[in-house]
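Summarising the annotation, Swiss-Prot assigns active site to HIS369 and lists sequence analysis as the type of evidence. Residues or ranges marked as domain 'Lipoyl-binding' in Swiss-Prot: 1-69. The annotation domain 'Peripheral subunit-binding (PSBD)' is assigned in Swiss-Prot to 104-141. Marked as N6-lipoyllysine by Swiss-Prot on the basis of similarity to another entry: LYS35.
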Amino acid sequence: MPDIGLEEVEIIEILVSINEKIAPEQGLITVEGDKTSMEIPSPISGIVKHIFIKIGEKIKTDALIMRCEVENIDFHVKKKEEICLDNNVLNKVEKNFKKDIFFHATPLIRRLARNLNINLYDVVGTGPKNRILKEDLDLYQSNIKENLIEEKNKINFGDSKKSKTKELELSDIQKNIGNNLHRNWMNIPHVTQFDEVDITILEKFRQKYNNEKRNQKKTNENITILVFIIKVVAYALEKFPIFNSSLNINNKKIILKKYINIGFAIDVNNDLFVPVLKDVNKKNIKQLSSELILLSEKARTRKLNIEDMTGGCFTISNLGGIGGSWFSPIINSPEVAILGISKSQIKPSWNGKEFIPSLMLPLSLSYDHRVINGAYAARFITFISRVLSDMHFLIM
């Protein structure tokens with residue numbers, strides 16, 4: 001049993017059998033210890049002759065696990081004059097040989113490095129006995145990207161190009177948002193799920209309601225489609241509580257929130273603000289509409305305070321008024337998901353007898369894959385689509 005940095009491990013799987021031919025780096029056994037499991041690879045090629053361990057047994061470093069018959073090796077020694085090499089070549093061979101000897105990485109890490117096109121010799125291991133961990137690969141990849149960005153920023157366009165370019169200063173808001181977006185994109189494994197929902201009935205009701213209020217001269221405030229989406233999302237968060245959570249990376253725990261506050265992104269002269277509607281699940285459509293209008297106006301006049309922009313559980317990014325079909329919104333940490341809304345379009349849909357025109361709204365759901373799996377996300381966005389297509393589900 002090789003030294004993998006753990007005092008004792010349990011055998012949970014034996015991957016080979018007696019008389020089986022094995023190759024270097026082929027997995028022999030799978031062990032588990034200290035809340036992690038890994039494959040132990042073969043250092044040689046040969047044939048398995050005896051297996052000394054069994055599943056469930058606990059073993060320590062240097063324990064005998066298998067006996068193998070090593071394939072024949074050609075020990076033919078060439079003549080003295082044939083093996084005289086330049087000192088520089090010998091030094092290079094010796095250097096690489098030493099690297100191979102003291103190289104510490106599990107097969108999983110080796111495969112991951114190959115997939116990421118990372119040379120493990122360039123990675124500094126921070127695990128026990130300098131073992132290379134997944135976090136070391138993440139750090140190495142992050143440093144590479146930062147170096148590329150630095151090099152890109154150093155591009156010199158030359159004197160002939162200077163008259164054809166113009167530099168613009170980023171506003172303080174753009175700088176802060178840019179830093180947050182970069183950090184969230186680098187640290188959160190994003191997955192984006194897409195769906196399309198029929199809002200024909202909902203839009204007819206919305207227009208009818210606004211026309212009646214306008215004719216009665218009770219209000220000049222129109223209820224937007226966004227208000228209905230916010231209310232439905234709050235309902236979905238109650239049904240799918242993992243979406244209303246945060247991930248505590250330090251102690252590896254998910255923090256579920258007992259309140260539902262929903263932020264909505266708003267663009268003001270290329271500056272992005274995310275006001276937060278509080279306790280959405282406890283308010284009706286008219287209350288939410290009034291608060292949405294108030295916060296939107298405060299954003300446009302740049303009068304939002306800290307209370308208006310903190311405490312969010314989930315964010316909605318609405319680009320429907322601008323255009324576009326789909327996009328991948330970036331999660332607003334410490335939240336674990338964000339819903340993107342695009343421009344609705346009339347499309348043909350089949351009602352079982354014929355094609356009819358339907359108003360279809362594109363939805364884009366990005367979520368943190370460390371917390372939420374694909375099936376759970378699919379159920380969440382499907383639930384939102386079903387309720388938006390028939391608001392009667394809100395009273396169920």
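Any Cβ shown, glycine's included, is placed from N, Cα and C.
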- prompt: Quick one: mean pLDDT on the domain 'Lipoyl-binding' (1-69)?
  reply: 83
Message: Taking DSSP as the reference, which of helix, strand or coil describes the residue listed as 'active site'?
response: coil
- line: Taking DSSP H, G, I as helix and E, B as strand, the domain 'Peripheral subunit-binding (PSBD)' (104-141) contains 23 helix, 0 strand, 15 coil
